[in-house]
Amino acid sequence: MMGQDTLFIRGARVVDPANRRDETADILIVDGVIRDIGQLDTPPPGTPIIDADGLTATPGLVDMHVHLREPGYEYKETIAGGTRAAAAGGVTSVACMPNTKPVNDDPSVTGFMLDKARVAGFANLFPIGSITKGLAGKEITEMGLLQGAGCVAFSDDGLPVMDSGVMRRALEYSRAFGCLIIQHAEDNGLVGCGCMNEGEVASRLGLPGIPCASEDILVERDIRLVELTGGRYHVAHISSAGAVAAVANAQQRGLPVTCEAAPHHLLLTDASVGDYDSNAKMAPPLRSQADVHALQEALARGVITVIATDHAPHEMDSKRVPFCQAANGVVGLETLLPMALELVSQGVLGLSEVLATLTCNPSRLLGIDKGTLTQGRAADIALFDADEAWTVEESLLHGSAKNSCFLGRQVKGRIKYTILAGRIVHQA
């Protein structure tokens, strides 16, 4: 192997859900590719070695719902800063939403994003193109051209596609191009001026609420359109028991309907708003304990197959305002793994099952060649200490924005190394 770049990982617990592997093993990486996994001979002298005793090696995490803000909103975050935060969270592949300025509705914007990520070198970037031009909800984008430029799915995330005719055409296009349509499912007419979940907490705080029906109704409508068109449909950041039930029913009928849940919707309730904490403000909002229970059950049953962060960085000033005026969204890349491990400790899923929701499952949905530790594939690997306890603090977050809803939380599970195509891009 003279002249080749090598890296040797010794004695890790290798958990690769795609290959149903869970064993103590070594990993040999040569020229950015996994050469071998198993009980391996000592590598040649001079080979860098990571002693992974006590660590778990998993495919680099794949987050299929991230906002990187560039171009146009660099005062919130940049592609370089966002992908650096991803690397710190063990995330080696991110799918970024199109609500930038200009919107990712043109191949030139797609190319710009890909170039920026390539130069930064912290994570693989997979752009998601907009469903409609300018996110205006009226005219379908040139999906074929965007797909050719590198877009892996389509969404107007941040905004719902409210027009049924437009959504029908989008799903018809998705069937023709074999791509995924991702819906931000909130009926604007029911959201109105609401800023948190409609319920007892909103009433106590005197804040206008958003009913679960705002999500349920749009998901039900879209499922009818899937029946009509056969297009592939995915509900982003699902949050309500009713929406989950609708997705489960559609799946039982064999429809191509999937959904993801964010860690905050799986673990937190609207009680987290507490004393008007704007870091607990997002869209859709945190729901009731009954909704959290329904989401966890759906995750356990395989109705929800992906955990994605909806990582949404904001500058401090947009959060330090009265609650209803605060921007929606929270950062989540660096807390993705420990929050997922909480679901393991609560008995919702086993370790391999929860890692599948972070690796091979999103990769399959997006049709990308990631999320597995397989010989001959790119060596994108996360190494973590599942038992290391730490407290989520602003100073520990690597991105520009610090608007985490988990600040102050005691968690377990720390990324120790993130490896991208054989290069160590993060070490703690």
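Backbone N, Cα and C define each Cβ position, glycine as well.
Unlike curated records, TrEMBL annotations are generated automatically.
Worth saying up front: this structure is predicted, and the values here are computed from it rather than measured.
When HIS314, HIS398, HIS426 are compared with the substrate site residues HIS67, LEU68, ARG69, ASN99 in TrEMBL, the one appearing in that site is HIS314. When the candidates ASP156, ASP157, ASP222 are compared with the Zn(2+) 1 site entry in TrEMBL, which names HIS65, HIS67, ASP310, the shared residue is ASP157. Here TrEMBL has ASP157, HIS184 binding Zn(2+) 2, and the candidate from HIS234, HIS237 in that same listed site is HIS237. For ARG69 (substrate binding site), the nearest neighbour among the recorded positions HIS184, HIS237, ASP310, judged by Cα separation, is ASP310.
When Cβ atoms from all protein chains are considered, those within 10 Å of ASN99 (substrate binding site) total 21, not counting its own. Counting other C-beta atoms within 10 Å of each candidate's C-beta, the recorded positions ASP157, ASP310 are led by ASP310.
A strand conformation is recorded for HIS65 (Zn(2+) 1 binding site) in the three-state DSSP classification. Averaged across the domain 'Dihydroorotase catalytic' (58-240), the predicted model reaches a pLDDT of 98. Within the set of recorded positions ASN99, HIS184, HIS237, ASP310, the entry lying nearest in space to HIS65 (Zn(2+) 1 binding site) is ASP310 (CA atoms). Same-chain neighbours of the substrate site beyond HIS67, LEU68, ARG69, ASN99, HIS314, judged by a C-beta within 8 angstroms of the site's C-beta center, are, in sequence order, TYR73, LYS76, GLU77, GLY82, MET97, THR100, ALA312, PRO313, GLY329.
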